[in-house]
Amino acid sequence: MASLDRVKVLVLGDSGVGKSSLVHLLCQNQVLGNPSWTVGCSVDVRVHDYREGTPEEKTYYIELWDVGGSVGSASSVKSTRAVFYNSVNGIILVHDLTNKKSSQNLYPWSLEALSKDSSPTGIIVSNGDYDREQFAENSVPLLIIGTKFDQIPENKRNDVLTRTAFISEDFNAEEINLDCTNPRYLAAGSSNAVKLSRFFDKVIEKRYFTRDPSQMQSFTDRRRFNFKSLHND
Amino acid sequence: MSFFVDSVIMVTSQVLFFGFGWLFFMRQLFKDYEVRQYVVQVVFSITFAFSCTMFELIIFEILGVLSSTSRYFHWKLNLYVILLVLIFVVPFYIGYFVVSNIRLLHRQRLLFSCVVWFTFMYFFWKLGDPFPILSPKHGILSIEQLISRVGVIGVTLMALLSGFGAVNCPYTYMSYFLRNVTDSDILALERRLLQTMDMIVSKKKRIAMTRRQMYQRGEEQNKQTGFWGMIKSVTSSPSGSESILNEPVHLRQQVLNLSLIQQEVDALEELSRQLFLETVDLQATKERIEYSKTFQGKYFNFLGYFFSIYCVWKIFMATINIVFDRVGKTDPVTRGIEITVNYLGIQFDVKFWSQHISFILVGIIIVTSIRGLLITLTKFFYAISSSKSSNVIVLVLAQIMGMYFVSSVLLMRMSMPLEYRTIVTEVLGELQFNFYHRWFDVIFLVSALSSILFLYLAHKQAPEKHMSL
């Protein structure tokens, strides 16, 4: 068992959307039987073949950090959570397709994780007018996953899918809609599995094969550790 | 004619209260959730509206607004509706939503929620037995029976909340009790947390890699792909584990190692949760320390000293009331006026002033208790609700709110001068009001003393936890 290189991916979203079930499904290929509250952060590991099927195939560990809590938590909880956001290489944003509020809350979640100006308790929110350019120049790959797809009645599916398409455009990210209690959605060869694989490949590329490794530094340094955050303008 | 006008006024005000309850529900309580069952929102707003109407009627009583017959009529009407809601509607819906959440009983929801409701009614009725709250001349389905029981529950709740609030308020306001937390404490704890997470990650990597290798070596015979499947086949009956027994020894060893590693991971995860909670606690304390250095913080600190004296006074008075079996005859307004007139020699128009002062006093009591209750309910709701249980919790809160407001009316009777008490006595029937005051004192005392004990223990235990770091 040679030790492999690793990348760190955050899994963020409101409570109750199904992050723990999703992480369990991604890492153990099994449905989580008894979901319970995530206190703090729970980590799981997925072994991923980068560029599967090509001569450059290489295996990596993908650490999925599932951070519990809600956007409206107390500032003490937010400051503590910020500890987990160090040196993040990718973010999976999870929302519940049957709950519109969880989709709206993805914006504050992403800002909380990406905010370079290290004030962990104050999130700069410009009242719904989220700047697409802010997400376009963001170099951390994002993936939007919508859960509880099976609970949407047939006639409402189109509306929901249009709505989620808007969200993923805002984030400049791919989107996957699934049901965490059914492994069929991520079966090998399905378009969802392909998107997932592409996302992980992108994360690995950004981390290991990008030409400017110092660009990653700005997300790894935190003010409380007395490093100045580096800006690359 | 005037009855019609009065009714219109009452209905308008009720609609206003209903709207306020609706907005509060949408903007504050259900901020992060989507309202899927509008029934819950309607029931909550109705409970709120009718409770506020009761307070409004007391104010009208003092100010002499509306004719007394229409006031009496509306009192009775309001009381019937609120009892109906608190005893029939809300418990039934609580039972219904609880049953809906349980998958097994999903199909016969209505039946099971009726069963739950009957159980509730049985215990509710039994509640009246140990208390000397009724004289035997009342019938079985009279309003007094129901109100007395609702009153007992509500008064208990009020006393518990007051007792805890009276002790907790100075404890949180005063900075004397703040533990000293430095930045380096927090950093050290965070470092431990991250180290624990790293250990969990490295163990999980070993598990994942081992499982992958076992899978790649053609374990397709084993239907269960998780590694627990491997463990199960090893520990189950001999016939099932033949495929594993045929494998090389080092593979069996790997499977056993994995179960050991999994146990270690479970223990580490528990540790990481505890460390996370401790860090949150320290961060909260640090923020409070910073807040106490500001001007507002200093103001609250001063208030804290004032409230601690008030709290000690209340505990003392409650003890005196119980020990000497005292029953207050006069209300604070009349007594205050008596004192000013007799001892301070200031003469003024007693009737006029007593009306206005009672109005202000009662108004303040009502507003602060409504506001206090709504804030407490909101905090409680945020702390314990989840997307599944939010409906049930809101309904439980509506029940508590209704009972709380009904008993406030009961107890408020003591704070009003004699001429205004009559309507309450008339409408609510011949309840033993003195019993409720005594019961309030007892529960208040018990709650305050146990809160002091509880806070003392929590305070003692916390610095010891950090000294062991």
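Quick reminder: no glycine exception, Cβ is built from N, Cα and C everywhere.
TrEMBL labels come from automatic prediction, so no person has curated them.
Listed in TrEMBL:
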- B:6-26: transmembrane segment (TRANSMEM)
- B:38-59: transmembrane segment (TRANSMEM)
- B:79-98: transmembrane segment (TRANSMEM)
- B:110-127: transmembrane segment (TRANSMEM)
- B:142-207: domain 'Golgi pH regulator conserved' (DOMAIN)
- B:147-169: transmembrane segment (TRANSMEM)
- B:291-460: domain 'Abscisic acid G-protein coupled receptor-like' (DOMAIN)
- B:302-324: transmembrane segment (TRANSMEM)
- B:357-382: transmembrane segment (TRANSMEM)
- B:394-416: transmembrane segment (TRANSMEM)
- B:436-458: transmembrane segment (TRANSMEM)
Self-check item: Feature contact check the transmembrane segment (B:110-127) with the transmembrane segment (B:38-59), CB under 8 Å, 3 or more pairs
Solution: no
Self-check item: Per Cβ pairs under 8 Å, the stretch of B:110-127, B:147-169, B:302-324, B:357-382, B:436-458 packing most closely against the transmembrane segment (B:394-416)
Solution: B:147-169
Exercise. Sort out the residues at least 6 away from either end of the transmembrane segment (B:147-169), same chain, that have Cβ-Cβ distances under 8 Å to it, and list them.
Key: 79, 83, 86-87, 124-125, 127-128, 131, 133-134, 304, 307, 310-311, 314-315, 372-373, 376, 400, 403-408, 410-411, 428-429, 431, 436, 439-452, 455
Quiz prompt | Sequence-remote partners of the transmembrane segment (B:436-458) [C-beta within less than 8 Å, at least six residues beyond its ends] | solution = 131, 151-152, 155-156, 158-164, 166-168, 171, 311, 314-315, 318-319, 321-322, 327-328, 407, 410-411, 414
Practice problem: Write out how many residues of the domain 'Golgi pH regulator conserved' (B:142-207) are helix, how many strand and how many coil, based on DSSP. | Solution: 59 helix, 0 strand, 7 coil
